[in-house]
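*Asks:* Dropping the structure in here first, questions after.
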Amino acid sequence: MGGKSLSNTTLVLLIGLAVFALVPVLKTTNYQMLLAAHVLVWGLFAVSFNMLFGVTGMLSFGQALYYGMGAYSVGLCVKYLGAAWFFPGMLLGIVLAALFAWLLGHLIIRVSGVFFTMLTLAFGQLGWQVMFKWYSFTGGDDGVQNIIPPGIFANKVVYYYLLLALVGASLWFMGRLNASPMGLILRCVRQNPERVRFLGRRVRRNQQRIYMISSLFTALAGGLMSGVDYSIHTDMFYWTTSGHVILMSILGGIGQFFGPFLGAAVIIVIEDVVGAFTEYWSLIIGLVMLGMVLGLPHGLMGGIDRLKARFAGSGARPARDGRS
Amino acid sequence: MDLSFFVVQLLSGLTMATFLFLIASGLTLIFGVGKVFNFAHGSFFMLGAYAGYQLSSVWGQSFWLSLVAGGIFAGVLGMLAEFLFLRRIYGRADEGGFQILLTYSFILIIDDLVKLVWGTEYKSLAKPAVLQGAFSFSGIVIPRYNVAVILIGLAVVVAAWWFLNRTRAGRIARASALDREMLAVLGVNVPMTMTLVFGIATALAGMTGVLAAPLRSVTPGAGIEVIIDSLIVVVLGGLGNFWGAWLAALLLGEVNSFAVVFVPKWATLFSYLVMALTLLFKPEGLFAPRKVRRV
């Protein structure tokens, strides 16, 4: 992961952006553009999640909390204050998520492993329950509809390009972070926290920071989603949303920066294709998941690397993510 | 609040605590013996409930037969899941994460299979004839079924204690929690012990599913509801601590039972709040046997 040069990540990012930029230009239907927008939003969510899980080894089962927070800040601002508050709402969501993640992180990062996972799950579900029950304010399970971005952004193509630009910028930032000394420290924390502490680095401080950064970008993904679907609903807070993004990351490969993005794209397409002829798509997702965990724990990206290494002979070694 | 009302709530909390404990004790047993975290434990509870529904409501068999058969059904499936899948990831780096992911995929698969076989609508299961109706003491009305559930729960606690402390198999199970390698050297088939423990735990969950079915109806979402509640119990009790889980179930059952009366709308929040507060101030759980390794 860290072995690859930064320019490589930037190159992949630029190619990806170019491909996604072509989507509205080509003869695509509105539906296909919507699908591409979903891939972008979930891709951002998955990469943000992976900054926690893949890089640092912190398996959070509660990122839906921040995703929902981002979406509901936009939705509720538009509902109560008007369409002009769409973007201020998005900013508010990001700030709230960052603040909340900082405070919560302060408390929950003290525990590790399964305890950390369960604590994030509990706080995530707490958030869901509050949004679900607070009917008078949030609309409960009816959610909020008709969240239309203001001005020219009401145009779907314009909004799509804004989405692309923001997702691209976020991915670039996280890519830089991943390659920075802080990224290196975090990967070291994953492998041997004791040693990192001996080296004079603050383990918890770094974990808390990355938890906040990850949550902040997750909130951005949520906020952007409200403008893609024009609606929000309490399912965004539900623990299965957190589960969904975990599946995406594992499928794509948590060992590499763009792995989760690939996973998000594949899962959204699978959902779309499978959803067309059966409502039992979560069975399919479950089976895929089972196969991945048992047979291909490095995900699709890890699989691609292994193939590349095989064809290149012994010269190139597969990217390692610290698991092998 | 008058006395009869108080007693009824207390008993209803005790009934809920019994369900929670029966599920959580299995979860705790697996964690204690094999350090395996079975996220899909609630799904085995649900499978048991559906098996009981099929036997009792569809095929007209007796409730007691359904209770046993539901347990066996879930237990066999649990052993298969452990033998075919979970066993393959033991010892892998970052095992905890992969256990959660693998058992999460079980949840997705079992949920959809249940929908395929039984549909999405609510199913119901009748209480056995003997346990219908209620006892009445000077104005206090206590449903017989609730009393039976509490007694069965107590019987299971005693049986589990006896199994873990007085039988050879129980001693092996406890020993494998401490030192697997030494046990293997002594000639014990450790992997098989783990499969059996997993089977016992999931059988317990399945049986509980049948037992709970007459009170809370059978739905495809039951697995998810149940797992979160029982996770709270296990974490609260201190992972792997049998008696801790029992006390935690009691605490949560009563908190819930009284919260429903005083703040019906927000009652479901209390389990999470209790867990959150506990973990903030005592991350190793209320009744933990030892300290969590802190990083």
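Quick reminder: no glycine exception, Cβ is built from N, Cα and C everywhere.
All TrEMBL annotations are machine predictions without curation.
Computed from a predicted structure; not experimentally measured.
Just lifted these from TrEMBL, have a look:
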type	residues	note
TRANSMEM	B:6-29	transmembrane segment
TRANSMEM	B:36-56	transmembrane segment
TRANSMEM	B:62-86	transmembrane segment
TRANSMEM	B:98-118	transmembrane segment
TRANSMEM	B:145-164	transmembrane segment
TRANSMEM	B:185-211	transmembrane segment
TRANSMEM	B:231-252	transmembrane segment
TRANSMEM	B:259-281	transmembrane segment
*Asks:* Is it the case that the transmembrane segment (B:145-164) and the transmembrane segment (B:6-29) have 3 or more CB pairs under 8 Å, with pairs at least 6 apart in sequence?
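*Replies:* Yes, since the transmembrane segment (B:145-164) and the transmembrane segment (B:6-29) share at least 3 Cβ pairs closer than 8 Å, they count as touching.
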*Asks:* Apart from its near flanks, which chain residues at least 6 from the ends of the transmembrane segment (B:98-118) lie with a Cβ under 8 angstroms of it?
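*Replies:* Contacts with the transmembrane segment (B:98-118): 36-44, 46-47, 50, 53-54, 81, 85-86, 89, 92, 220-221, 223-224, 227.
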*Asks:* Excluding the flanking five residues on each side, which residues at least 6 beyond the ends of the transmembrane segment (B:231-252) place their CB within less than 8 Å of a CB in that stretch?
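*Replies:* For the transmembrane segment (B:231-252), the far contacts come to 14, 16-18, 20-21, 23-25, 27-29, 31-32, 157, 160, 164, 177, 271-272, 274-275, 278-279, 284-289.
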